[in-house]
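**Q** Below is one structure. I have some questions about it.
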Amino acid sequence: MGKKKKKRKSSAFKIILNVFLSIFLVAGVAFGGIVFAMIKTAPPLNVQQVLTFDEPSILYDDKGQYMDKVITNEQRIVVDYKNVPQNLKNAFVSIEDERFYKHHGVDIKRFTGVILINVTNKIKRSSKLQGASTLTQQLIKNTVLSSEVSIKRKVQEMYLSIQLEKELSKDEILGAYMNSIFLGGNALGVEAASKQYFNKSVKDLSLIECAFIAGVPQSPSVYYPYSSASKKNPSIYLNRTKTVLYKMLDNGYITQNDYNKALKDLDSKKLVFAKPSAPSNKLAYEWFSIPAIEQVKKDLKTQYKYDDKQIHNLLVNGGLKVYTTMNKNLQDKTQNTINNAYYLNSYKSNGMIYPQASAVIMDYHNGEVKTIIGGRGDQPARSYNRAASYNYLRPAGSSIKPLTVYSAAIDSKKATAATGFEDSPIPNNIGRKYSSGAPYNPKNSPDIYYGYVNVREALMRSINVVAVKLVDKIGLNTSIQYAEKFGIPIDQHDRSSIASLSLGELHKGTNPLIMAQAYGVFGNNGTYTEAKLYTKVVDRTGKVLLEPKTNTKKVLSPEAAFITYDMLQGPVSESGTGPQANFGNMEVRGKTGTSSDMKNLWFCGLTPYYSAAVWIGNDNSSTVDGVYSSTAARLWGDIMKEFHVNLPYKQVQKPASVVTANVDRISGKLPTQLSYRDPRGSTVYNEFFINGTIPTEYDDIHVEAQINKLTGKLASKFTPSFLVESRVFLRRDYSPGVELLDQQWLLPYSIDEGGSLPPTEEKNNSNTRDKNKDKNKNKNKDKNPSQDKPNNNNNDNNSNNNNNNNDNNNNTKPPENDSNQNHEDNKNKQ
């Protein structure tokens, strides 16, 4: 019986043992299968991914110098392993992975010990759990895997760590770890942490500073020295630092003396942190960098079809190198010039300096923009970019005239530089075309009218009514077409507004970047070159992602471009509106602009090297006091002077197809003998023309008549012969209703002692000279209005014949005629 019982017990034990062994075997096989499945679904190990870190893109200037870095919420500065002090390397190994140089990716001894400790803590219901990740595992987690807490992720982490140890050396792994680890605040990597905490490079860290940084990864928020808890109780991070130092001593990385001195330094409060600062969200060269980044975004979307999220990630984390066209030296000088322009009559309001000013300078030959200044004085981050933003557009005033009026008329061959107009109030039959109510009747400012002028002089003096008459002649549609060719934003309101197209009273407006591109056409044979803000974008591997071509389009014929360029010397002449723009002996061309009520002041122009535009105004669109468009010309000249230092004199070359001819500056027609006998001197000069546009008719404004030289009246049969004198006059067959400055040179209507008028004038017998002088009698104001009667006047700015200046015939020096320009504008030509 006893033996049978023993046999039964033994048999039962074997059965139970076999069952348990079977269970364990099945469980082991199952567990192994699960682990194998987890490993099989692990992502492939990409060593390059491990060694590549998220970095913001960097912008460089046109000389390859560092300029700006794309702003991110976190800062990383990748540092070379050889520049990391040995103390910091040893500190990380001591506190994070003391058997780092012995294991092959996974520390089995530590892993087993941690499991036992964590199981014990669970049984005791303790919340204290320990981690067993090696530095290699942490690197895999930071660069390849997500931060998900799961058995699957842990198994994959261990597997990939073992694989990584086969591919990289220990130094490469440790170096990658120190560049990838989060170290509190905004710091990713040891270099960013060193800058954040101690305002120094990592290579300059002391032993206690190294120990502090190595202690942070365990709990970055707890050991953050700028937190309120740490400020109240510094022992939180000091004790952690001492623990790191002890581990370094225990592992033989520092001596007992080093350890003792380090503790003494900590107790003596020698662990000093830099003053905390909020992360800046302002770029160093914000005016230029933001438009450049926007252009890169646009091109990435066009070329690679990336969506906005992909583009954002690439710029923020992709470590791109963006080589811009900005010249840092000239950008700094231009900013300084605008900030310190004492003649801007500056004042402060709500901490901001006013008036504000902006400028753009570009090489119109290749489109490279060299300077963008979006404002003056201290500005908050992402402030108005008054130079380049399409959200900050302002009316251009008369600076639009060369674009939508004069070059448009010449290029379309509907007028020439010599075409004559009468500077006099707009006739009602024209005014009614552009107004449903009272006739449109813009005025010169102040109320001065020159009488007969040609197109060249009208541009020089910026005469408003002539610009309106010329747009009426070429048609709104033609003017609109050229505005769009030049890149001027035109909306539906502008399309039906002659004020927008002839006087620059645009509904939305323009900005200096738009105007600098447009004015470059005149020096570039009529070719518009699109602004280019960068030349190349390279990814972190050195591959060129973007290399934009120079985009151009034809706007004007070379002939029309050159003739307009030549005409633009008028506004910067002493008789023009902006002579202050001149500097040195450089060839300068340009045009002032003033919008209504002196709210926006402009100067746009070019040299044979660069085109540039300057704007002055207030952000609230209020009147700018004590500053004029001539001030904008002065600022333009001061800026451009710096751009042309050591550049040789140069000229824009005249196309061979541009022809010249002698014409009468009063009528714009071929001269007669009377043209040489104008009472103010010869009105014959040599003008540029597009071939085929030289006038064929002869001057009909000058007339000759015999007068009584004593009374100035027309001679008659009653006039004594010794008082009869033959003189040359100007004819005007109607009364303009206002006094014109050339009125004193008109053919007299009064007859000496009775008699009859010359036969050609009999039709105007009712219009006597005395009636013309009476400003209060305007019965004949709209009788026979002369819309496009060929006229002319002084043209001292023509490059081929600058004689016969008529300015000396009047004591009153005429002011600029920008829309509502204050008469004081001309008093400020300093």
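A Cβ is built for glycine as well, from the same backbone N, Cα and C atoms used for every other residue.
Quick paste from Swiss-Prot:
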TOPO_DOM  1-18  topological domain 'Cytoplasmic'
TRANSMEM  19-39  transmembrane segment
TOPO_DOM  40-830  topological domain 'Extracellular'
REGION    57-229  region 'Transglycosylase'
ACT_SITE  GLU96  active site, proton donor
REGION    357-641  region 'Transpeptidase'
ACT_SITE  SER398  active site, acyl-ester intermediate
REGION    754-830  region 'Disordered'
COMPBIAS  760-786  compositional bias 'Basic and acidic residues'
COMPBIAS  787-820  compositional bias 'Low complexity'
COMPBIAS  821-830  compositional bias 'Basic and acidic residues'
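Help me picture these features in the structure, burial and contacts included.
**A** Its Cβ taken as reference, GLU96 (active site, proton donor) is surrounded by 21 other Cβ atoms within 10 Å in the chains shown.
Mapped onto three states, the DSSP output places SER398 (active site, acyl-ester intermediate) in helix.
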**Q** Find the average pLDDT over the region 'Transpeptidase' (357-641) in the predicted model and report it.
**A** 97
**Q** How big is the Cα-to-Cα gap, in Å, between GLU96 (active site, proton donor) and SER398 (active site, acyl-ester intermediate)?
**A** 71
**Q** Just how many other Cβ atoms lie inside 10 Å of the Cβ on SER398 (active site, acyl-ester intermediate)?
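**A** A count of 30.
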**Q** Looking only at DSSP and grouping its letters into three states, which state does GLU96 (active site, proton donor) belong to?
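**A** Reduced to three states, the DSSP call for GLU96 (active site, proton donor) is helix.
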